[in-house]
Every structure is written in structure tokens, then in C-alpha cells.
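S.K.: Let me give you the structure first, and then I'll get to my questions.
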Amino acid sequence: MTQVLAIDQGTTSTRAIVFGPDHRPVDSSQQEFTQHFPASGWVEHDAMEIWDTVLSTVRGALDKAGTSAEKIAAIGITNQRETVVLWDRETGQPVHRAIVWQDRRTAAMTAKLRDAGHEPMVQDKTGLLLDPYFSGSKLAWLLENVDGARAKAEAGKLAFGTIDSWLIWHLTGGQRHVTDATNAARTLLYNIREGQWDEDILRLFDIPRALLPEVLDCGAEFGTTDPALFGAGIAIRGVAGDQQAATLGQACFQPGMLKSTYGTGCFALLNTGDTLVSSQNRMLGTIAYQFDGRPTYALEGSIFVAGAVVQWLRDGLRCIDAAADSQALAEAADPSQTIYLVPAFTGLGAPYWDPDCRGAIYGLTRNTGPNEIARAALESVGYQTRDLWQAMEADWQGAGGAENVLRVDGGMTASDWTMQFLADILGADVDRPEVLETTALGVAWVAGMQAGVYPGFDAFAADWALERTFKPQMDAATREARYAGWKDAVSRTLSTRG
Ligand SMILES: Nc1ncnc2c1ncn2[C@@H]1O[C@H](COP(=O)(O)OP(=O)(O)O)[C@@H](O)[C@H]1O
Ligand SMILES: O=P(O)(O)OC[C@H](O)CO
């Protein structure tokens, strides 16, 4: 039993990956599922369909890897965070489709609470802001809008969970209602200083305590899978939200180490060690990981559109056939044109937190074509990262820290051009590792370590391998002028502009 199985339940697809004794991937299976957009700004998933993709990808990965459940020492689960499932404890059926992290339906609810002056209290306890992104207001919406849900919730008949909890419930045949500290930290209901669900905030959102799962460390005994599912029971021994799992997979174990993941969105986490930094710059405080009951904290910056802007070039504008083609267009763009594309397709995340603004392009001339738009799209990812980088640097230095490393991963880091622009606009080195699948690796490592088949922190960190460092080549004056243009473009785009 020296293999580990990771389940990576993401926003658009589910993947199961078998890792070998050397914690290298052996084989994997992936399946996309339906995105539901019932109204403008609303995004839902069918939680049963997600469960089905987990069953079939796990079976597929075991088959492809030529292995079986008896040979798997542990399962690790990593997941899209903040997404809310509310289900009936008796039937195991969801009472509504899952409300996805991108969903903005509770913008008015969170704005009202903010206007009433509750944000400082919530930020102090949870590290988060009163924004529809997080689970709390989405759960409150379900209790208000699903017929009979509140009465059942108060009678203890319903269970709430982020996707990890939902999957563990079904994997264990309804035996365990648990989550881990990193997922709990994204709900807006969990006090990350005290390590418990927060009574004041539960009261604020009118959420019955009986709905909530038990919170465990990232490495823990989460239960054993029902033997009927995969032919034998497998212990679930690792759980982490996907961005925290990437932080683990990138071995960002020292304070000052920052990882930035470029998938659909971009999520940057800076390890701040034992210190929970109270952001003065609208960054988030969160739990990077938790072992032996001890949380390691992080500052997080969340950008909702990164790789999604490349998908828009492909599927919306249809100026490329595949994501990788964006680089050739950017390289061929006219250097004399300065175009800014602010990809606020669903509003802007950190540090602006403006759910109402929408995307814009500035600086168009008669000579502007697909090349210049594609270049502006790729550059928008660099500019947004600099927004986060500056805000985090200010918070972190204010707390006496110093940044030292930036490690990148995710699908978009395949673009050398984008990574070079990132280094240029940050004025800092950008390190790209050999293994870009850091999310699944991170949680596989946790599960394997818990099972005693993978090494501890130091040996895992020593195994992290650099593929390439991108060094800044842009001169400082150009860098600052370009960035000032971006700030101007954003200020014209914000809905709250005076
Ligand atoms: N060579 C590339 N250049 C630019 N963007 C890319 C490239 N390859 C993939 N992407 C973008 O990366 C994203 C996919 O990354 P991935 O890490 O799989 O995301 P997720 O886990 O959010 O689905 C897509 O949005 C895609 O447009
Ligand atoms: O599923 P991903 O990779 O798009 O990640 C989503 C994040 O966890 C949302 O906070």
C-alpha cells in the first residue's frame, strides 16, 4: 500500500490521480460537468452530477493506473472552495443546486451588512470581507429561499458543506459530516483565530449550528470509503481547499513564500507563519494549512478572471483556436499601441471587491486588431497580480516580514510570454516548477504523509524542483508608466467611481 489517490474537484472539471511511492503521478482520469447560469451573475452546479464525476474518475484512474483500492494507502481530497451544498441527512439528496463561489446573487445582502457596520467584526474573526464570494451569505440565501429548508435545518435534518464535506459524506456512506480547517476558513462562519464556528456570525446570518460539519486538520482521519464503491474501503486522510493544496504542493512552508496559481482565476497565497496579518489593503487572511491543531496563516489575493480571459479570446472573440495560440498573437502585436483590457466579466476581486463593475478595453485605435487585444488580455493577468503583490507587500512589511520567493503554477503558466511579462511588471523573479499539477500533488502528499508512506515537510520541500526562473527585463521607468496606465484603466472601470 504505497500509492495515494488524489481527488481534485475543480470548478469546471473533476480529476482523480493515482500517485506512486515516489509521489509522482502514475495515471489520471478527468471529467467535465455542467455549468448552470440561471440568471445574470448566478452560477450553480448539480451536486449529484459532481458526485457522479467523482465516482467515475476514481474508478477510471484506478483502472488506467492498473491498480486497485487495496493498494491505495490513502485518499486526499482537494476542491473548489466556498461553493455551498445543503443536503438532507436522511436521503443524502441536495435540497437545491450547489451555489458556486463565482455566484453574485447575494451582493445586496452582503452590501447591507457592510453598510450596517459589521465588516470590521467579520474581518477580525474570519480574515475575510463581506463579499458574496464566500459561503456564508449563499447558505443564508438557501435557508431563506428553499421551501421548508429553515424548519428542517432547525430540526437538525439538513447538513451544510463545502464540496469536500459533501464528497466525504457520500464516500463514507453518510457516516461522516466533516471538513478541514482550510475549507472552513472560506465559509465566513469560522473564527480562524479561535479555530471554531463563530456564534456571533452565525447569529448575523441566522444560520443554525446544527447544519455545520466538524472541523479537522488537513492531515486527519476523515473516514473510510464504503467498500461497495471501489471494491474495498480506502481511508480518507488528507483534505485542503485547492489553493491551499497548491501552496502545500509548491512547498511554500516558510513565511514569506508566495505561490500564485493561474487557472480560470488567479489565487495568490503568501505564507505568514503563525501570524494572522490583518490586511489594511483588502487582502484576505486565511489558513494556509493546519497540522496537529496548529494553523499556519496566509494572506490571500483572489482574482476572478485569469485564464478565463484566454477562454474568452477563444470562445467569445474567436480570434484563437486554442489557448496556447494567444502567445503568438501577443508576440506579433504592434509595440507602439498601449491597450488595456480590464477583464471584470464578473466584477473585480482583490483588492477592489467590486461585484457590480464589468469589463472594458481602453486605448483602441483604427489600427487595433486581435493581436493587440490578445496581448492586452495576457498583460491583464500580470497587472492584476501586481495589484495583489503590492497590497500583500504593504501588509506583510507592515507586519515585519519580507517577501522572498514567488512560485507559479496552473494551466496558464505554460505561456512563457505571460510569465516573462509577469516578471517584468512585478520587477521580481518568477519561479516555475517542473511539476505544474501542484494542487493534486499537495493533497496527495498530505494524505500519504498521514498514512506514513510519504516523507515529512523537509524532505518534501527538498524535492521541489525548479524548471525555469523568469527574470525582469523591463526598465523601471517603463514598468511604472505601464502600471500607472493600468491603475487609471481600473479606476475608470469601477462601478463606485465618484
Ligand atoms: N498556453 C496557454 N497560454 C495561455 N493560457 C493558457 C494556456 N494553456 C492554458 N491556459 C489557460 O489556463 C486555464 C486552464 O488552467 P487550469 O489550471 O487547468 O485551470 P482550472 O483548474 O481553473 O480549470 C484556462 O483558462 C486556459 O485558458
Ligand atoms: O476550481 P478552481 O481551480 O477554479 O479554484 C476555485 C477556487 O478555489 C475558488 O476560491
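Note that Cβ sites are derived from N, Cα and C of the backbone, with glycine treated the same way.
Values in this document were obtained by computation on a predicted structure and should not be read as measured data.
Sharing the record's features from TrEMBL:
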BINDING   Thr11, Arg81, Glu82, Tyr133, Asp242  sn-glycerol 3-phosphate binding site
BINDING   Thr11, Arg15, Thr264, Gly307, Gly411  ADP binding site
BINDING   Thr11, Thr12, Ser13, Thr264, Gly307, Gln311, Gly411  ATP binding site
BINDING   Arg81, Glu82, Tyr133, Asp242, Gln243  glycerol binding site
DOMAIN    4-249  domain 'Carbohydrate kinase FGGY N-terminal'
DOMAIN    259-450  domain 'Carbohydrate kinase FGGY C-terminal'
S.K.: C-alpha of Thr11 (sn-glycerol 3-phosphate binding site) to C-alpha of Gly307 (ADP binding site): distance in Å?
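M.R.: If we compare the Cα positions of Thr11 (sn-glycerol 3-phosphate binding site) and Gly307 (ADP binding site), the gap is 13 Å.
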S.K.: Which of these binding-site residues is closest to Glu82 (sn-glycerol 3-phosphate binding site) if you go by CA atoms: Thr12, Arg15, Gln243, Thr264, Gln311?
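M.R.: Sorting the binding-site residues by distance from Glu82 (sn-glycerol 3-phosphate binding site), the top entry is Gln243.
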S.K.: What's the CA to CA span in angstrom from Tyr133 (sn-glycerol 3-phosphate binding site) over to Gln243 (glycerol binding site)?
M.R.: 15
S.K.: Just name the most isolated of the binding-site residues Gly307, Gly411, going by other Cβ atoms within 10 Å of its Cβ.
M.R.: Gly411
S.K.: For glycerol, what surrounds Arg81, Glu82, Tyr133, Asp242, Gln243 with a Cβ no more than 8 Å from their Cβ centroid?
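M.R.: Sorted by sequence, the hits are Gln80, Thr83, Trp101, Arg186, Gly241, Phe267, Ser302.
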S.K.: Do me a favour and check the Cα-Cα span between Asp242 (sn-glycerol 3-phosphate binding site) and Arg15 (ADP binding site); whole Å is fine.
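M.R.: Checking the Cα atoms of Asp242 (sn-glycerol 3-phosphate binding site) and Arg15 (ADP binding site) gives a distance of 12 Å.
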S.K.: Cβ within 8 Å of the ADP site centroid (Thr11, Arg15, Thr264, Gly307, Gly411 excluded): which residues?
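M.R.: Other same-chain residues near the ADP site: Gly10, Thr12, Ser13, Gly263, Gly410.
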S.K.: Specify the count of other C-beta atoms within 10 Å of the C-beta of Gln311 (ATP binding site).
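M.R.: Taking every protein chain into account, the count is 14.
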S.K.: Most Cβ neighbours within 10 Å: which of the binding-site residues Thr12, Ser13, Gln243 is it?
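M.R.: By the 10 Å Cβ neighbour count, Gln243 comes out on top.
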